[in-house]
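**Q** Provided herewith is a single structure, encoded as structure tokens, for subsequent inquiry.
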Amino acid sequence: MSAQFNNNGLSNTISPISINDKIIWREWFGHWIYPLLFCFSLLVSLGAYLTLDSLQTAVDDYITDNQKAMVGGDIIVQSRQVLPEAVNQWVAALPPEQVVNDLQFNAMAYVAADDSSTSDASLLVRVKAIDESYPLYGTLKLASGLSLTEQLESGQVLVERQVLTGLDLAIGERITLGESSFLIADEILEEPDRPLTAFGFGARIMMLNQDLEATDLLGQRSRVNYRVEIKIDEQTDGNAAIEKLQQLKSLTADSSVRVTTVDQAQTSISTLSANFLKFLKLLVVAVIVLSGVGLMSVVKAFVNRQQQTNAIRRAIGEPIAHLKNGYYRLFLVMTLVAVLLAWLLSQAVLYFGYDAFAAIIPAQVTLSISIISVGKVLLIALALTWLMTHSTIQALSGVKPVAVLQQQTQNTPQWYFSRYWVILSLLSLYLLLSLELGSWWQGLQVAGGLLAISVIFWAFSQLILKSLKAMITRGWIKQWLLKLSLQNIFRKGNQSMLFFTTMSMAVMVMWSITALNHTIDQQLINTYPEDSPNMFMLDVQSEQQQDLNQIIAVPVTYYPVIRARIASVNGVDPETLKEQLGNYDNITRIFNLSYGNEVLATEQITNGIKKGQLYTDKAETDNHGDAVPISILDSIAEYLQISLHDEIIFDIQGVPIKTYISSVRSRFQRGPSPFFYFMFQPEVMASAPQIQFATTQVEAAKIPQLQTTIAKQFPGITTLNGASIAKQLKGFVDQLTQLVQIFTGLSILAGTMILITSLVSTSQDRLQESAYFRLMGMLTKDLYAINMIELLMLGLLAFLAGGLLGFAVSYTITTYWFALPFVFPWQVSLWSLLILMGTLLLVSFAYGRLVIKSNVMNLVRQMV
């Protein structure tokens, strides 16, 4: 077919490719449902991926460009204890403009007694004492626009907005910290080494190191972060920088001081933002896979609809290659259109949805679509389209023009994939995951885990749907309309199983997150546990207890706390164990030890050398030489992979204490209650250097005034409002939870798209059946009802299956991990079910209206 004649009998030569494209494009755009579903299938996943990848690119670029500013220097010295004198002397010999001594701790601040303000409030703050050389890199932004040296002098402080609003103060007024009063010189807008402010307890107060002594706070603190930031002169050669690093490591070799370079240091962005965005992208990768299935259904439905047209074109001699290439070109153009729409959608999300990402994105980051991200999305879209359309297009080779033109019945091709297609698809998924995770091994693990979970849910879905089919086969369902509707679920080409699996998985994840969030909210936030302490006091000295009891006027429980490090576990040093163990805890950190002869009220003994006893008797102790018995919490025992009789050596301010495990404890009630990993006998630790940790339960309304009173009389005591901190933590967690729910919800949307595309792909069969039903006298409303019942039943079963699995997961985590009573989220579950049922009802009604009702009578007339 290379020529055609115009009205004047003149021959116009037209390219076969041009005619081919015109025929396919006219049919494609003549039925708007196909391009709409094609674009939407890609739009959801590609738009989400492009948004997250652009965010991740922006964060990565920010880390690369501002690494030194975020870390604070080229070399960082950190410790939770006072730095050794040798280190302090070495640092003091450096040029002052190349060093910042940074000390941070929590304290209580309140309005100075001689201030004109009438406020009598107090506030938990995070004090940061620095040198005038701060910051070595980056810029400290103040409300006045001036620099630190211009605004901060001795006797003055810089504060965050939360301090001003929390204490009803203004710049120029005074605030009290410990034993000293300070003038508020300016407001802090941004700190270069603190890009994320969504988490952390205590509003920032910045002061000079030379003013610390006047507060009389430092010597009473048990939790002080000592940090020295060192800048390497740009003119210094590499060997000199390495020499400085080696000197520091030599000075700190026998201490707990940690020395790192800027490249080795971890930041809040790299540990939270980058990892969380990577997790969200993994969720979106699953949505991309589901979108591919929807894409395949659309293409299959369109090609099947063109069966007769394709047969005619083949009968008049058009080469099969021309036919196939026409479809390839169409889907290529549609893919480019979908990528363009995804780009526009991502732009809108970044512009209007910035606040949704505020918890994990630094305020300094400028959000925009990355060209690299667009390129990645384009490659993913092209690969996905080719994989999902190739099998259907290649099936055109099996078109038999004679059979079609003679109107012989042909079975619609079902899903068929060659082993090479399956292998290529799995390799593509593995490659995408590996590139996202930056590790071939992790990519293999995640891909394997994703496939394993899919297989489990597929088997679970098979069990439920086969049970439903058995009920129909055995005649347990008598009502004819319900029976016809349920039989439609098992129609060939209907992707009921895939929809059911996808929907139940998404419901399980979202329901589990919602249920956990609801339980924690009800148990710890909205209704703070009545029998739990709601006020906590840190760094209480023994001689302060009597006066503290008089101030609070209700019973106070005191817990002795000894600060120590683990020197070895069964002869293995902590650094070696840190490399072998997971990330549950940091074994090289300082641990809080305690002592007592009784188990805490929220714990129970689960295993012991002597049943029911915390410690063994003297005879058993003698068998362990000079080691003393301790009781260990089961969570840290599992992490360290130790049990009864195993040996742990602690370092308590340079004094080694050899111990063996005599009992294992478990917490049966979690929440706002103290616990200790390691418990000693009183006679062993009573004389060790220690501070007291105190808890009490008072009326919530009295806590602010008590905090102020205690801060004024005992500046060294830090008082925490348990309910207030729980709400602050809950607010941050809620932001992360909402993001997870949004991107998990995309899988529900993708599942709905699979359902819609499967309806479209089986439209011809459904129309033919509807025509038969109409000939037999079935009413139009019954045709509508068949589709509605089918979709509603499928959605209801998927929701119940996913909800049941989600209940099992959330109940187990809540009861056995958090040790909290489970609270069923009835209201949220009901609303979720109603929304899902409403969506499916709308889909079924629209399908019946646009497809069945508008075409069934034409088919009936043809049959008559």
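Note that Cβ sites are derived from N, Cα and C of the backbone, with glycine treated the same way.
Pulled these from TrEMBL:
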TRANSMEM  32-52  transmembrane segment
TRANSMEM  279-303  transmembrane segment
TRANSMEM  330-354  transmembrane segment
TRANSMEM  360-387  transmembrane segment
TRANSMEM  420-441  transmembrane segment
TRANSMEM  447-465  transmembrane segment
TRANSMEM  497-516  transmembrane segment
TRANSMEM  739-762  transmembrane segment
DOMAIN    742-855  domain 'ABC3 transporter permease C-terminal'
TRANSMEM  783-809  transmembrane segment
TRANSMEM  829-852  transmembrane segment
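I'd like these features described in context: how deep, what's nearby, how far apart.
**A** Below 8 angstroms of C-beta separation, residues 277, 280-281, 284-285, 287-288, 290-292, 294-295, 298-299, 301-302, 331, 334-335, 337-339, 341-343, 345-346, 349-350, 369, 373-374, 376-377, 380-381, 384-385, 743, 746, 749-750, 753, 756-757, 760, 850 of the same chain, each at least six residues beyond the ends of the transmembrane segment (32-52), sit close to that stretch.
Packing against the transmembrane segment (360-387) from elsewhere in the chain are residues 42, 46, 49-50, 53-55, 57-59, 62, 66, 190, 195-196, 198, 269, 272-273, 276-277, 288, 291-292, 295, 331-332, 334-336, 338-339, 342-343, 346-347, 350, 354, 421, 424-425, 428, 432, 735-736, 739: each is 6 or more residues past its ends and has a CB under 8 Å from a CB in it.
Beyond its flanks by at least six residues, the transmembrane segment (829-852) meets 33, 507, 510-511, 514, 748, 752, 755-756, 759-760, 763, 766-767, 770, 783-784, 787-788, 790-792, 794-796, 799, 803 of its own chain at Cβ-Cβ distances under 8 Å.
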**Q** Determine which recorded stretch among 330-354, 497-516, 739-762, 783-809 has the most C-beta pairs below 8 angstroms with the transmembrane segment (279-303).
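**A** Comparing 330-354, 497-516, 739-762, 783-809 against the transmembrane segment (279-303), the winner is 739-762.
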**Q** Is it true that the transmembrane segment (497-516) and the transmembrane segment (783-809) have 3 or more Cβ pairs under 8 Å, skipping pairs fewer than 6 apart in sequence?
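**A** Per Cβ check, the transmembrane segment (497-516) touches the transmembrane segment (783-809).
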**Q** Sequence-remote contacts (6 or more beyond its ends) of the transmembrane segment (330-354), Cβ cut-off under 8 Å?
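**A** For the transmembrane segment (330-354), the nonlocal Cβ contacts are 21, 24-25, 28, 35, 38-39, 42-43, 46-47, 50-51, 54-55, 299, 361, 367-369, 374, 377-378, 381-382, 385, 389.
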